[in-house]
Amino acid sequence: MITLALLAACAGLGMWALVIWLFPPRRRLSDLITRLESTPAPPPLLTADRGGWAVRVGSPFNGWLRALGLPNDRTRQDLAITERSVDAFLAEKAALALFGLLLPGAVAGILTLADRPLPWALPLAVSIGVAVTGFVLPDLMVRTEAERRRAAFRHALGAYLNLIHVLLAGGAGVDGALAYATEIGQGWSVQQLRRALTTARLTRTSPWTTLKQLGEELDVGELAELAAALSLAGSEGARVRSSLAAKAAAMRSRSSSEAEGKANSATERMALPGMLMAFGFIIFVFYPALTQITASL
């Protein structure tokens, strides 16, 4: 009886989700008025992926998740870095949570029809645990990918500073040095720098303005410092070259320190499995002898 009640609850939840998907809630009038009256922000330099199947399944729940204040500002920055849209992120969270909530109930229903019912508490606990895991998993994945891209961007920015310093020392102008340095490198980080400079050229704005905007979107303070240093290049070119050289050296030192710290952390993590294997081997060797000694007493 309890199993049937649990299956009925899961079916009701599925019907409610289907109704929300077919008839999504409308936005509040106050939100629409605020959106119309607000000053438009400059278009972001980072592109965003619109997502796949998760958007089609979970997008009806985006309004509910936005009403809860999701995502927060930090997650929005991480989404911008990973080039994922907010709607796709929220839809993925809702789809994974819904899938995790309904899958154990469906498995329990199949086992019940096969005359092998499970205790009602087991599928309920598994449903809640899998749903919470599916809801939190996109946040962890986005945060990990964003940190990886930030580290890669800082590494590429150090090489970019060295190239700019060499080009400025060779007599190139600031705009030419910035543009030519991006044509040498490849990869995601250089593409973002190249896109920022292209945006500055097409919109007829200064390149350090778009570089500062890119640094704020990526949450990379070193790029904002580079933009501030380049804004002084018109009157203090030699001082800017020395400043760029000092920043490049500082970033190389920081990258080396972070790499050494990660290597030490990985070494410590590798020591724990070795200790567990040694402890298991000791138990495997001495357990028969201890058993015989205990039996002889």
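Positions of Cβ are set from backbone N, Cα and C atoms, glycine also.
Where the annotation comes from TrEMBL, it is an automatic prediction and has not been curated.
Annotated features in TrEMBL:
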- 161-288: domain 'Type II secretion system protein GspF' (DOMAIN)
- 6-23: transmembrane segment (TRANSMEM)
- 94-114: transmembrane segment (TRANSMEM)
- 120-140: transmembrane segment (TRANSMEM)
- 270-290: transmembrane segment (TRANSMEM)
Model confidence over the domain 'Type II secretion system protein GspF' (161-288) (mean pLDDT, whole number): 81
Counts of helix, strand and coil residues, the domain 'Type II secretion system protein GspF' (161-288), according to DSSP: 110 helix, 0 strand, 18 coil
